[in-house]
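Feature list (source: Swiss-Prot):
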- 1-74: transit peptide (TRANSIT)
- Ala75: N-acetylalanine (MOD_RES)
- 97-117: transmembrane segment (TRANSMEM)
- 128-148: transmembrane segment (TRANSMEM)
- 161-181: transmembrane segment (TRANSMEM)
- 185-205: transmembrane segment (TRANSMEM)
- 216-236: transmembrane segment (TRANSMEM)
- 250-270: transmembrane segment (TRANSMEM)
- 282-302: transmembrane segment (TRANSMEM)
- 314-334: transmembrane segment (TRANSMEM)
- 374-394: transmembrane segment (TRANSMEM)
Amino acid sequence: MASISRILPTDGRLSQCRINTSWVPSTTRTQTHLDFPKLVSVSNSGISLRIQNSKPISPVFALEATSSRRVVCKAAAGVSGDLPESTPKELSQYEKIIELLTTLFPLWVILGTLVGIFKPSLVTWLETDLFTLGLGFLMLSMGLTLTFEDFRRCLRNPWTVGVGFLAQYMIKPILGFLIAMTLKLSAPLATGLILVSCCPGGQASNVATYISKGNVALSVLMTTCSTIGAIIMTPLLTKLLAGQLVPVDAAGLALSTFQVVLVPTIIGVLANEFFPKFTSKIITVTPLIGVILTTLLCASPIGQVADVLKTQGAQLILPVALLHAAAFAIGYWISKFSFGESTSRTISIECGMQSSALGFLLAQKHFTNPLVAVPSAVSVVCMALGGSGLAVFWRNLPIPADDKDDFKE
């Protein structure tokens with residue numbers, strides 16, 4: 001669902017707008033009310049604002065962005081005059097459908113789970129090779145939404161992105177190990193739980209962040225960074241934490257992660273950077289494909305381990321649900337020490353939502369015991385339902401008006 005995040009509105013940013021100066025008494029007054037006086041030019045025909053990658057402007061403008069980054073500029077309280085009202089062009093019918101399908105993601109997961117358990121033959125055709133292609137396409141679609149500038153933004157936000165990265169690869173793996181040892185899971189099930197806890201952030205986290213009123217741009221950056229880091233962190237942590245339980249082929253895990261995750265992402269970024277006209281055409285269809293593929297990648301693991309789930313699924317629900325719930329909570333409260341509410345929600349969701357599909361694929365390819373893959377299959381359901389439930393809960397809690405902005409464009 002990485003490509004789906006392209007249609008989700010991110011934080012408003014002003015690209016360019018022109019304002020009639022008839023309501024502005026003087027240049028001095030204008031500069032008093034603007035956060036960026038050096039970027040304002042005044043002429044007889046009006047005030048020109050030209051900003052690139054600037055922070056949101058406040059309190060003079062209320063910004064509202066759509067997928068094509070159209071912006072509405074409105075006069076704020078305390079500034080007199082009549083600024084003509086305008087409204088952004090509405091989403092197309094296709095974009096509305098994609099947004100609806102995306103926000104109903106938990107429903108598709110539930111339906112996919114039921115199909116996987118009771119009619120597994122409908123989804124088990126998506127075996128290892130096809131599963132690999134599907135996951136690779138999702139990584140490619142995420143890359144198609146990124147540019148070199150997005151990686152420069154990571155460098156401008158080292159602390160914010162870094163905390164999310166550490167939460168992803170420190171809090172979650174330790175939680176997975178402690179839960180597996182405390183509940184005394186069998187070696188293959190414990191290994192599977194540790195493996196999925198060491199996987200990078202899931203693409204569905206971008207959608208959950210959008211629903212929760214978090215910072216979608218930051219969510220995409222964190223998912224990207226953890227995805228790139230997975231080539232080293234996932235095999236290294238799995239070997240470190242689960243190596244004493246079962247043999248772990250760290251080199252094989254690294255190679256598979258590189259092939260399935262990193263290569264498609266890099267190809268997508270390069271294509272978007274050097275062939276933007278071509279990718280702009282492709283990107284119109286990738287969201288719909290992303291919705292379908294993500295649903296299949298959630299349903300297929302359930303179908304492939306349906307027999308095991310019917311006999312041992314109950315004993316896995318508690319540890320997997322506990323893993324995600326604890327990650328959501330710890331990620332949020334640690335973030336609250338340094339960041340505002342919006343950023344804390346974003347880091348919490350990133351910490352709690354893993355790429356369970358990647359965990360399932362790695363378990364199938366590199367572990368002989370089929371039980372190792374079962375925790376990842378259960379995680380697909382727990383992660384989607386827990387993350388979306390938390391997002392809906394937060395959506396009904398307003399972000400404080402004085403919430404600090406921790407994200408630098």
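Just so you know, glycine gets a Cβ as well, placed from its N, Cα and C.
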For the transmembrane segment (128-148): best-contacting stretch of 97-117, 161-181, 250-270, 314-334, by Cβ pairs under 8 Å: 250-270
Chain residues in Cβ proximity to the transmembrane segment (97-117) (below 8 Å; excluding those fewer than six residues from its ends, i.e. six or more beyond): 1, 4, 7-8, 91, 123, 204, 207, 211, 287-288, 291, 294-296, 298-304, 306, 309-310, 380-381, 384-385, 388-389
Other parts of the chain folded back onto the transmembrane segment (374-394), taken as Cβ under 8 Å at six or more residues beyond its ends: 105-106, 109-110, 113, 189, 192-193, 195-196, 202, 204-205, 208-209, 211-214, 298, 301-302, 304-305, 308-309, 312-313, 316-317, 319-321, 323-325, 328, 345, 348-349, 352-354, 356-357, 359-360, 363
